């Protein structure tokens, strides 16, 4: 049984939000003012092999995202929506993007087939959700914009939260750092305080219902199990097993304190990587909840442990009040970010040590502050504050107030020191600022191309929902960055296998004598290799492959991020590659023998390389300069994730 799925028991006493028998709300069509709407267009999705097993004989699968190709128009009579990408499903509904054709605003639409809601209590449940949710207006609550129905479906039009949910963050990250946990918790509490002030108990608080806007704002969603407090405490059993309060399981009367319990479970899950009472058995999970049986790892700070205990008090009256949570010592004299980068959905930020040290008087230990205690999909992050401090000390020695030629053509030692996102960010920005502005009657031209081509990613496959990220480089080496942040790779002729453990220790083995503990990872590597050979086309012509000779250790994937615009990959030698989905172009920035190299691959897979310092001097065509600007924005995000001062 899925312990993270929502359940609801019979609730005959909670049918006060009755509906007319002729429809969900008697074909009522209503909406809210769109002034508060914000267009959300970015989303990071999981693409890949559709969860295909290694021993599968199916060869037809390919990298893809979850979309619904049958785009149709649905109309409320006043507004027409275009049904777009499939976002998910749950309960009775499928959720799709709905685009208002008059405003082009993107919403999330819960589409509920009427043939699935024929029973009266199903209709009453949906009516209750709408009647409660429609009146909730708060920055930390998903806005319900519109409800209507036609002959086939009922439609609930909601604010689109394009960064998915905290559940997806934890799926990729396993756990988050304490500064991030405070960021999410603070907003969760504000949302819960608001709905409680409106006499609403959510009854299904969990990471999957903490949705994230494009700007990483937490918004409470899914009010399908919510109820209004009418003076009588509730007794029905409902919620998600891992987050249900003991008084609910014991069929005792309960109220707002049940939501406070769920907040404690969420905080624990953020810091530890799983809910506090989770087991493989539903019966055992319920037993642990009722008996308050859980342990908190010492990796959680003292104040974090104190707050969890106060939230998970077995008696509701002993739990901390929701109004007092954000004033707890867990938030005092420690760093809490005001914003988070969307990249934090996939990678752990290494917060700047100046900010951390400013708040360390009563905060957690350095290890607590920077380590999430688990694997990070698509990243290679610092594990301790000491490591970040060393990086910042190194950066302090680098001066960027040099002439553009010396910055863009560093010596070997300088290039080695500047092999990080912050240095490359300054270099690219310096180039963009130095480029001559074209006159009104002139067309920008590129510098003379050079015959140098870097090692780049020629094929890739995102299977992070099961194993990790696979890739082939232009020198024919192949690698996998696993979800646990280990790496395995073949050299170009497949004679040698290299393995990088979570601490960066490298071991090399002949292909014919790989140790038994690595056999499963080797099988994944071989599977990815076979799949890419059989199904994927090279990302650039073979004749334009790298002039670089194979080196040891083999180049690895340092980190990667996928958005709906592009896939961004950073190699272990500092090479940054961005593949744009819409036009299939690529931009690669790498360090060469005589400076930094920019390689542009067009939609026909034709490549040209230019020295960055020459682009700074003579300019370049718009298709390259625009992509360099995009790369600069990416490097800035990476630098912030690395805890660097900008």
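The backbone N, Cα and C atoms fix where each Cβ goes, glycine too.
Positions annotated as ATP binding site by TrEMBL: 110. Counting every protein chain shown, the Cβ of residue 110 (ATP binding site) has 27 other Cβ atoms within 10 Å.
What TrEMBL records for 28-42 is compositional bias 'Basic and acidic residues'.
TrEMBL lists 81-331 with the feature domain 'Protein kinase'. Taken together, the residues of the domain 'Protein kinase' (81-331) have an average pLDDT of 92.
The annotation domain 'POLO box' is assigned in TrEMBL to 456-534 (among others).
Taken from TrEMBL, the feature domain 'POLO box' covers 556-640 (among others).
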Helix-strand-coil residue split for the domain 'POLO box' (456-534), DSSP-based: 22 helix, 32 strand, 25 coil
Where residue 110 (ATP binding site) falls in three-state DSSP terms: strand
